Structure formats: structure tokens, C-alpha cells
Amino acid sequence: MHDHIARAMAVKGKIRAVACVTTNLANDICFLQGTSPIASIALGRALSGAALVGSTLKQGQRTAIKFEGGGPLKKLIAEVEWDGAIRGTVAVPDAVAESVPAALGRAGFLTVTRDLGMKDPYTGMVQLYTSEIAEDLAYYLTDSEQIPSAMGLGVSLADDGQIAVSGGFLIQSLPPSDEAAVDQIMTTISKLPPLTTLLKDGTTPQQLLDILLEGVEHHPLESTNLFFRCGCSRDKVERALLSLGKAGLERMIEEQGEAAVTCEFCKQQYRFERSELEALSRSY
């Protein structure tokens, strides 16, 4: 099944529902990151979570989620762009833990940044609620963005350590709320088989939405393909080096003679010889 996100509206626009499959891009990203089993599960969930949280993006917009905690993973980042491009990284990819909450740590913060093309991006932050990625994202959406939300995320690993399935769903109640419909959907969610079981059985995102919204009037909206794309470039790295200032560049030239910058997302390395650093320094 190709990676994509499906959308639906229910009860005359009072309920928004989205579901996604991210198996292939999660495997690509985890391979680049060199993740341990628990890091693969955590990162896979975060990638799906970012896709769901960013499901309403318009052209040129971007959403990023960042989990920071005291556990062995330290930091987890997933970003999605309006066209379905996703990337992610984990600070300690070889972390070992018995569960995702243990890997993240009970104390920490979730930061959500929405770049909507305005002068400054909007950033919201909450303390980690349970350190379960789906629950923390739903808590953030409900508490900070004032949109009652329910989210489910699932990742299952194959015997060889690769991701067998990865995906999730997000249900949001929009004003004016239809409490009867919300209660019915929450009852359906409570009786839902494990999400990874549904995904292993080949359930598509649209079929998952039909299951979640059974008995509730709903209609499908557009779907979007999801895929891995980093977006880093030599020009962006040059701008980052220029941000060091003339003094910072001269110090780098004196102490190191060259620069090697590795993208934390795709691991592409960009090298700058002394002459290139000197040219950047002279641009001030």
C-alpha cells in the first residue's frame, strides 16, 4: 500500500477525520537514522502524528512536532509540508527502552510549530502528558488549540527489525459540537481492534475512516500522497554558516580550516574548504 492520508467530514462539518499510512516513508527515515527497535516505533508514530496534525496545511505551509524528554531518546522531531513531504530525526537513534514513554521520559515538553506563511510561525508548547505520542498530541490539540481531539497511532516491526506497518487516525470535534455523534465515535474507538492489526490486514486510510465513522453521516474528501523528502541544500547550509557572523567564521577558519556539516534528517554531509569559508567571511 502506498503512503497517503485520507480525509473526511462528518455531521455537516462538525467532525473532521483523517487517517494515514506511513509505512514506506517511516522505513526510509528509520534506515537513514539507524534506529533501534524502540526508536523506530517512536519515530514511526511521530511521523504519522505529524502527518495528521498537518493534514489541513495549505500551499507553502509546514508543521513540525518536537518531543523532548529525560529518557534515552532525548529528542524526537517530525516535520510535514503542505504537499505531503515528511522528514524526521531522533537525537539518540540507538536508544534502548521497554516502551515509548520510557524512551521519551515522563518529564519533558511537546512543541508544535505551524509555519502558515505569516511573518512568524506559531509555536505552542505543553508538558508531556503521558509520554505516549498519540495521547500527548491529542492533549495538545485539545488544550492548546481548543479542538477536542482523539488520536490513535500504531507501528509494528517485522522480524528483521524493519517497520511492517505504520499509520494512524485523528478525529476532531468542531464547533458547534454534536455530543451524540462524538459519543458514538468514542464508543467505536474503544471497541476498535489494535490499529496495527487493522493495518496488517490491509485496511486503507479511507476504510479506517469508514470504520471509525460507522453509523455517523460522513463523506470523503481529497487524499494526499505522503513521502520522504528532506529539503536540505548547500545554500541553506551556507546561510547557516553566515549566521555565525564574520567573527564566528574567522574563528572556524583559524581553528578548523574547513567545515563539515551533516544534516540531522537525511545525513547528507556538506563540506566547505578554507577558500569557501574565506569567501563567506568576505561577504560581510
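The first residue you see is number 1, and the count goes up from there.
Here the Cβ of each residue, glycine as well, is placed from N, Cα and C on the backbone.
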Please name the cysteine among C30, C263 that Swiss-Prot pairs with C266 through a disulfide bond.
C263
Write down the Cα-Cα distance for C232 (disulfide bond) and C266 (disulfide bond), rounded and given in Å.
8
